[in-house]
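For reference, the structure is listed below as C-alpha cells.
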Amino acid sequence: FRECCRFFGDNGLTLKVFFTKAAPFGVLWTLTNYLYLHAIKKINTTDVSVLFCCNKAFVFLLSWIVLRDRFMGVRIVAAIFAIAGIVMMTYADGFHSHSVIGIALVVGSASMSALYKVLFKLLLGSAKFGEAALFLSVLAVFNVLFITCIPVILYFTKVEYWSSFEVIPWGNLCGFSVLLLTFNILLNFGIAITYPTLISLGIVLSVPVNAVVDHYTSEIVFNSVRVIAIIIIGLGFLLLLLPEEWDVWVIKLLTRLKVRKKEEIPEGNGDIASGLPNKSRRTRPSMSS
C-alpha cells in the first residue's frame, strides 16, 4: 500500500493530494459519463459511439499542445477526418435542434475524456497495476462524496423530485451498474497490463454492434451521409492507432523488398549463364566424334 501511495507523491495519499489530484479527475470522469448518458437521450447509440471515437483525436491534439508530444502529419489528417465526420454527422439529420444538442453533448463527453487522459499522463505518469487499483478506489470515494451530495441538494432546493422507490427500474439500474463497473475495470487495468491499442480497438468494435442493435430496435436511417461520416471517423480513429515510428518501419520494409528483388535478379541471370557452358560442353564431344 505504501508503494502504491508513492504514485501520488513523496508524502503519499494526504487530504491535500486527495482534493488537488484525485478530485479534478473525479469531476472530469463524472462529466464524461453524465454528458455521454445525456446524449443517448437525444440521438441514437450508433451516432453516440461513433462520435465518441473522436476522443482519440482530441487526446492527440491536447498531447501535442500540453505534453509536447511528437508532431505527426498522419495524426493531423486523422484529427481533420474526425472534425469532418462530426460536421457530416450533424448534417445527416438536417441540423435539427435535438440532434445538434445530442452531438454537442457527445463531443463534450469525448473532450472531457481526452482531458482526463492527458492530465493523468501529465500529473501521474504511467500507473502500474496496484497504483491503478488505488487510484480507482480513491476516485470511487470521491464520487460517493461528490455525486451523492448533488441529488440531495437538488431535492431540498426543489429543483428535482424523487419518485417512489417502487417505480424505479432497479433491474435495469443494477445491470447497467455492473456493465459500467466491468467497463471501467477492463479499461484501466487493461491499459496497465496489455497494450493500449488493443483496448482502443474495443471502441471501434462497439460501432458495428450498436449499428446492428439500432437497425432492429429503432427507426434509424443509415443514409449515405451518415455512412460516409461513420467511415471517415473510423478511418481517422484507425490512423491514430499507428505507432509513432510507423513511417520508419514502412521505409525499412520497402528497402528490404527492393534488396530481395535485386538479389533474385542476379541469381536468375547466373542460372542462365551457367546453363550455356553446360550445353556447349555437351555439344563439343558430339562434334569431335
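From the backbone N, Cα and C atoms, a Cβ is placed for every residue, glycine too.
Quick look at what TrEMBL annotates:
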type	residues	note
TRANSMEM	17-36	transmembrane segment
DOMAIN	22-90	domain 'EamA'
TRANSMEM	48-67	transmembrane segment
TRANSMEM	73-92	transmembrane segment
TRANSMEM	99-120	transmembrane segment
TRANSMEM	132-155	transmembrane segment
TRANSMEM	193-213	transmembrane segment
TRANSMEM	220-242	transmembrane segment
REGION	267-289	region 'Disordered'
COMPBIAS	279-289	compositional bias 'Basic residues'
For the transmembrane segment (99-120): best-contacting stretch of 17-36, 73-92, 132-155, 220-242, by Cβ pairs under 8 Å: 17-36
Statement: Spatial neighbours of the transmembrane segment (17-36) not adjacent in sequence (6+ beyond its ends, CB under 8 Å) are 8-9, 11, 48, 52, 105-106, 108-109, 112-113, 115-116, 119-120, 123-124, 135, 138-139, 142-143, 146-147, 180
Field: For the domain 'EamA' (22-90), the number of residues DSSP places in helix, strand and coil
entry: 58 helix, 0 strand, 11 coil
